[in-house]
Structure formats: structure tokens, C-alpha cells
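Features of the protein shown, as given by TrEMBL:
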TRANSMEM  537-564  transmembrane segment
DOMAIN    538-796  domain 'G-protein coupled receptors family 3 profile'
TRANSMEM  576-595  transmembrane segment
TRANSMEM  607-632  transmembrane segment
TRANSMEM  652-670  transmembrane segment
TRANSMEM  703-720  transmembrane segment
TRANSMEM  732-754  transmembrane segment
TRANSMEM  760-780  transmembrane segment
Amino acid sequence: FFHKVLAAMEIIFQASEFQLEGDYLVGGLFDIHHVSTLVYHDRPEAIDCSSPLFLSSYRRFQVMRFSVEEINNSTELLPNVSLGYEIFDHCSDIQNFPATLNLISVNGSIQPWSEPHKNLSRVSKVIAVVGPFSSTETLTVAPLFMMNLIPIVSYGAASSAFSEKSKFPSFLRTVHSNKNIIEVIVNIILHFNWRWVAFLNSDDEFGIDGLELFIKRTENTDICMAYIKLLNDNVNYTRMFKQIEAQKINIIIVFAPKRTAEALIESAIRLNVTNKVWVAGDTWSLNEKLPKEKGIRNIGTVLGVSQPVVAIPGFNDFIYSSKSWNDCENAGQKFCNEFCNSSSLSAEDIVFIDPSFSFPVYSAVHSVANALHNVLQCGVGKCNSNITVYPHMVLAELKKSNFTLLNQSIQFDENGNPKFGRYSIVFWNHSGAIEEIGFYTFFPSINYVIDNNKIQWYTDGKVPSSQCSRECPKGYAKRQNGIHKCCFACEICPNGTFVNSTDDHYKCVNCKDTEWSAEGSTSCSLRVVEYIPFTDIGAILIMCGAWSFIGLTIATSVLLAINYNTPVVRSAGGPMCFLILSCLTLSSLSVFFYFDKPTECFCILRSLPFILFYSVCLACFVVRSFQIVCIFKMAAKFPMLYSWWMKYHGQWLLITGTFVTQALLLLIGYSCGPPKPYNETLWYPEKIILSCEIGLKANSGPVILLLFLACLCFIFSYMGKNLPKNYNEAEAITFCLFLLILTWIIFATVYMLYRGKHIQTVNALAVLSSLYSFLLWYFLPKCYIIIFQSQKNTQQYFQGLIQNYTKTISQ
């Protein structure tokens, strides 16, 4: 069957538009007609390319004819060499193999090489092929040319699949791949801040490739594809537009061939689809028919990406001077089932039709001619006719193309893609004309411009919006609803967090420890670091108070030492007074470490001296209270206990035991978890209060012992509150303990309500108050008697008090 078809294809009619004799032939594949509906056959039949003529494709067909004629008339390009062509109407995506087989056949037969690089004489007579136009057509026939490395220079196949040189080693193209046009479309969407879009693509290689590239390109953007639909002959447009309207989608991207797009837009007009922005691909953005359709303004605004319109010098003259479309019909010529049915056309029909992809055809033919020029080693006025030209030689030169054509540098990259050209961004205005409003260039560098002022929006000047959810206010994070990242709820970021609008809109990020933020923040601010320095007026006053306390304890010790053998000193505790005063002095050292920047050493010394030596003080007062009660109340009732206490010096055993126990507890506690510097940030988010940890592990045991001693002391002292006046240290001790307890209750209350930097001052004041309570209310009265009431500091005075107390008890 194929042998008969190939034989039929050798028939040549004079004056045919499809053939031109020449020294070298260039094949051409143009979809002048298109058979969209395939009919089932029960026996092999050649396809009938007689469907209505597509003018834009016919114009491209004429551009190739003009290009070959221009080259043949040139004295610089291929001098004395004639270039011919053999063009076929590639009217079907999948049933045009006869045309392809004709181009790769030799004398009506196809014989593969018996070995690589052998029998080159049996390679096709065609040195290169221009076309086909669509990606589907190219994907169907390209493999047949690849085996013999016959160059295919496509002027319209934009699928990214053809960039794979392992599969398509001899494929080149003069149009940018879908990857580039998708890049332009995405930039238009981002430029107008559209997020919620529909993507309608043709159900073929071109459309599916565009969809995949669009999905990949928008992965890391805020663009969401709310709706996807493959367009074919079975699409229910009514249902499709209802679904788009139901999802409130205002932006519709149409990535489909011209015929498919025309059917879509005509359906939208018929179904009264309104107020949409349509983004057209380069295959239909310069459509000459649709902008003038009645009701086109109702559908909304149409933007598009197009091949730039490049005026080809001499082409219009070629069309006007040619009579081929009239002559053809009169002759009734038919070539390989191709009908030359162009008699009804005028020159204006060809000149003013959609010029898309005309320059790609023009540059494709010139690329082949320049490659052949280099293969033949052409110089001034002549070429080397002794060189046998094979397709793979032309391919090698095509890859190295570097010439200027209409002020553009024609070059190809390693994948056969063009390194020249740009895209125009167009708008269909209200007068039915197509107006350029911007451009996007790829070479030598990316340059992108859109003039917004030229666009007549259907919203009367305001750029339409298309969003699933309104943008969140500043300081709010997005919480995604459903599968689309464009659909979200807004949640305010709490204190201490912020939303980074340039990084992740969906997450409230925690501030650093040294930073803070208010609710609903977009950034963090540095916290103000606060502590009480030594130069603070409050710190100075408290430290002066501590030095005064030390001075007073020393003075008191000196006074008591001078009057050591007097009754007042002996009744106050005798040698135990000096131990108490020494421990109070050592306890006061803690006060100085509550100021300046806390360190681990400072944090330990804030509590350790006070807890350790104050425990000894309390132990001494426990002993004093117990002894007073024993002397006056328990000695008579429990003589054995009293004698044992006096014999074994029970008071010193208790004090020593307390000191050793407290020291061990502090050693164990501080070994397990010593107090450390702590940054208080919870109470005041905008500040860092430098303080020390409470140190529960380290101080819980010692504090419990301290509280036990205080309670025991209070019990014993309270029991002796009605003893003789000069012997009544128990009453003074009770009052001191009352002040001590009151002081720390006040501090605990303040600590619960306030955690600012001055809490350190309050803590130091509480420590100092605890020390002064014993000095002022226990020792100061003794000093006053010694200095100002010496008559009461006699043995006779004390014995009289005891005798009176004894009489009172006996009565």
C-alpha cells in the first residue's frame, strides 16, 4: 500500500505551489487544512486534505515559498546554487505518514543503513525539513527523521519534550519552548497580583506540556490553579463555565491551538460568560477573527502573549505579484490528495491575516540556507560543487548557526532552542484591534515591561482581582483551608511571635530570646536589658545601710565586751551574743550581691551566707528562749533534764548541730542545682530582667530548716513572754521574729505581683530588714541600759526582780 502511495506522490504538476525544482531540496510540512474528525475505515485509505483552508497556515506556507525565492535571487547566499522545496499539507496529526515517507524516501523506497555511517548515497534527497507547526504533529513524525539525522527546523512546535537531544538529536526550532511562554504568562499573573486562576488547555501534546510546566512553575508562588480542564471535541462548555463561576474564578488562562481557542471563546460569548480576564497563549493571541466578534466585550478583558510581528521586506510584494491561487483553481490541480482551493482568496486576505509565526518560518528557511552555504564552502560568487551534501552535514552547521537576519542574531543553544527573539504582550481593545502593551525578552538578558495604562479593564480602570481568600492584615498568619494554599483563614500571631511576609505567610515564627513582639507583629524588636547596677540610688542606700549595720554590730560587740561581766550582758547570752553578732555581720554580706549583672557566683552568694549564718543566729535564739523557759518554768518540774542540759552544754551542741546540718544541706543542694542567672521575659515581654533563679533544688532543704528554727524559736519565746522584765529576752525575741515573718510576707506578696528589676532591691531590703530586726530590738535595748541606765545593770537589781517574780508565782 505504502509503495503505491509513494509512487503516487512522485507525480509532479507544473506551476504547483507545493514543489519547486532545485539543486537541493528543503521539505516543508504545513497544516493548510486540518482534519479534526477521524472516520473509521475498514480498509486503508489515503487521507483527504480538502477541509476548509486555514488562512494563517496558508500565509506561513507562502512565507516559505517567498523565503526560498528570496534566497535563490540572492547573490550572497548560496550563489549559483538553486534551492528547491517539496511541501506537503500536513492536515492530520496522526495520518500524514505518506508525506513524511515521501520526504525520507530515495527513488520511492526506504532502505535503512546496513551499518552506521555506510550507504550514505541512499539517504533522503531532502537536506532538511521546515515544520511541522504543532507539537502533536511533530511528535508523530519527528522520530522518522531522527534515524538518518535529517534536520527538522520547526516554526511552531513548542513542547519542552523536544529539548531532549537523546530522543530528538536532529530537531531545532525557531520558536521558544512552552517553558518560556509559561514563564511570561506566570509573570503577567504575578504582575497583577492574581492568585485564583483557571487553566484550560488543549488535550494534546502542546496543551498537556503547557499544563505540566505551569504546575511546576507555580509550585513556589502564591498562584493556585482552582480549575483545570482539557479541551477537546467532547467538552461540555455549559457545565465547564458553571463550575468556573461557582468557584468565583476571574482569571482564565487558555493554552490551546487557534481552532480550539476559537471554539472556546465563541461558546463563552454564546453562553453569556461575563467579567473575566482571559490570558491567551501565542497560538491565538493575534487572532484576526475573535476581536471583531459581536459580544466579545461582554466576556471581559483579553490579554495575550504573542510572537512579535516582524515585517518581512518584500513579502507583501510577493503576494500581490503572485497569481498562483487563481491559476491553481483553474488548473484543477491536485497533489497527493492536497487540494489547491485558494481561488476565492485575494492578496489582502493573505497580507492582513494573523502574522503569527511568520518570522519563525522565515528564519527557519534562512537557517537551512545558511547551513547549506557553509557546508558548500560558498564564497564570493561561487560554491564548491564537488562536495556531496548529506543531511547530517547540514545539521552540524545548523547547530553552529550565527548570522544576522532582519536585525536579529540567529543562533541555537545546545538543545536546539533559539537564542533570539522575544514575546509581545498584547491587549484586545474595545475597537476590535490588537494593541501591544508590553514585551518580554530573553536574550541577551531578561527584560519585562507592561504598560498598565494602555489596558481598558472591564472594571472601568481598576485591575480585576481574583483570590480565593482576601489577603490577611499585617501580623496575621494564614491557616490553609482545603487543598489550595490560596484558600485560608487569618489568625493573629500572639505575643513573642511574628509573621515573616517575605518568607512564610503560614507560620508565626518565635522571636529570639533577646527579642520581643506585640500581638500581630511582622518583626521582632530587641528587648531592653534591665538590672540594678551598683550606681543605682536604691542600691547605694541599701549598701550604705549594710555598711551601717556592720558598723553597728562591731560597736555593739565592743560595748558588750567592755561590759562583759555585767548582769545585762550575761542575761543577754554572754559569749553567745558575740556569736550572734558575728553571724549577723556575715549574713549581711549577701546584700552586696543583689546588684549589678548576675553571675553564677553572685547568685550563690546572694543566698548562701544569709541562709547559713542566719540559721546559726536562729539556733542561738532557740537556745536562749529554751534556756529562759527552763530556768524559770522547767527547772523545778524537770530537774534531771535541766541538769543534763547544763552538764553536756546542750546549747552549743544544738548550735553546732544546726550549723553542720545546714552546711551539709547547702552543699548537697548547690551540688545538684546551684542558682544560676535567669532572664525574666514572661512578665514584661519587651524587657529582659536579669535576675537569678529561685533555686528550689538548692535552697528547699535549707529554707525548710530555717523555717523550722524560726517556728521553734517563736514557740519557746512566746512561752516566756511574762518572765521578769530584765530577764525577758523572750519577749524581745518574739517581737523580732514577728518583724522577721512580717518582712518576708510583704516580700512574698510583692514578688507575686511584681517581677521588674527593682525586685532585687526589695529582696536585698528584706534581707537587711531581717538583720536589723535582731540588732535593733534585741541588742539595742541592752546597749541603752548599759549606757543610760547603769543602775539597772547591777546584781542587786536583778535579784530583786527574781524575788518579786518568785513571790508572785507562789501566791
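From the backbone N, Cα and C atoms, a Cβ is placed for every residue, glycine too.
Nobody curates TrEMBL annotations by hand; they come from automatic prediction.
Nonlocal intrachain contacts for the transmembrane segment (576-595), taken as residues 6+ away from its ends with a CB within less than 8 angstroms of a stretch CB, comprise 531-534, 536, 539, 542-543, 545-546, 549-550, 553-554, 556-557, 560-561, 569, 602-603, 605-610, 613-614, 616-617, 620-621, 623-624, 651, 655, 760-761, 763-764, 767-768, 771, 774-775, 779.
The stretch in closest packing with the transmembrane segment (537-564), judged by the count of Cβ pairs under 8 Å and taken from 652-670, 703-720, 760-780, is 760-780. Stretch with the most C-beta contacts under 8 angstroms to the transmembrane segment (703-720), considering only 652-670, 732-754, 760-780: 732-754. When pLDDT is averaged over the domain 'G-protein coupled receptors family 3 profile' (538-796), the result is 85.
If one looks beyond the transmembrane segment (652-670) by at least 6 residues along the same chain, the residues whose Cβ comes under 8 Å of a Cβ in the stretch are 579, 604, 608, 611-612, 615-616, 618-620, 622-623, 695, 697-702, 705-706, 709.
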